[in-house]
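See below for the structure under consideration.
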Amino acid sequence: MEKSASLNGLILIGGKSRRMGTPKEKMVWHDKLQREYLADLLAPYCAQVCFSCRPEQCAELGQQPFPALPDAHLDIGPMGGILSAFESDTHSAWLVLACDLPFVNEQALKQLIAHRDSSKMVTAFRNPINGLPEPLIAIWEPQSYRTLQEVATAGNYALRQALDNMPVQMLTPADPTILFNVNTPQEAKQVPLIAATRQGR
């Protein structure tokens with residue numbers, strides 16, 4: 001059986017958080033900045049963990065223990081961050097996490113990694129509502145890079161549509177709450193309510 005590629009971690013913090021009104025990577029859900037929580041979560045499972053960011057964010061991130069990876073493809077959303085990651089290391093797989101997932105935890109990462117199929121291009125959780133793979137809590141294998149390049153060159157920057165052209169290992173999340181993402185202040189207000197419900201299980 002062919003050995004899986006080394007696994008790096010990529011935390012996407014380059015969005016401008018216009019709907020939220022405050023940087024989502026600086027929200028505090030776990031007694032620390034969300035970006036720090038995610039980096040600490042990924043570190044035991046990845047050869048290296050990087051923050052995918054806009055070039056102007058690099059100065060702030062310079063003192064972090066995890067390196068900044070400036071986006072070389074601006075204004076095309078998360079695809080730009082993933083493309084930039086592969087350009088920095090084409091031989092490794094990237095475990096990609098959006099910064100707006102407050103309920104991602106070690107259990108979710110363990111499930112994703114344990115059921116990783118490196119013969120596919122992506123290992124991702126299936127969204128229980130629409131049945132589609134979630135691209136921003138997923139492992140992107142090195143062989144996905146060429147397809148991402150092709151769809152980006154064609155002017156299509158939607159990762160979910162890119163996944164239509166890729167073989168994907170789809171997993172049912174043990175806890176679907178991990179896929180809840182926060183884009184607005186209204187959604188942020190739901191986080192403590194959902195957290196209380198989860199603790200009461």
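The backbone N, Cα and C atoms fix where each Cβ goes, and this holds for glycine too.
Annotated domain 'MobA-like NTP transferase' per TrEMBL: 9-163, in sequence order. Marked as GTP binding site by TrEMBL: Leu12, Ile13, Gly14, Lys24, Asp71, Asp100. Annotation comment: TrEMBL describes Asp100 as Mg(2+) binding site.
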(request) Check Asp100 (GTP binding site) against DSSP and tell me helix, strand or coil, would you? (result) coil
(request) Give the number of CB atoms, excluding that of Ile13 (GTP binding site) itself, located within 10 Å of its CB. (result) 27
(message) With DSSP assignments reduced to helix, strand and coil, which class does Ile13 (GTP binding site) get?
(response) coil
(request) Check Lys24 (GTP binding site) against DSSP and tell me helix, strand or coil, would you? (result) helix
(request) Using a 10 Å cut-off, grab the number of neighbouring Cβ atoms around the Cβ of Leu12 (GTP binding site), all chains included. (result) 25
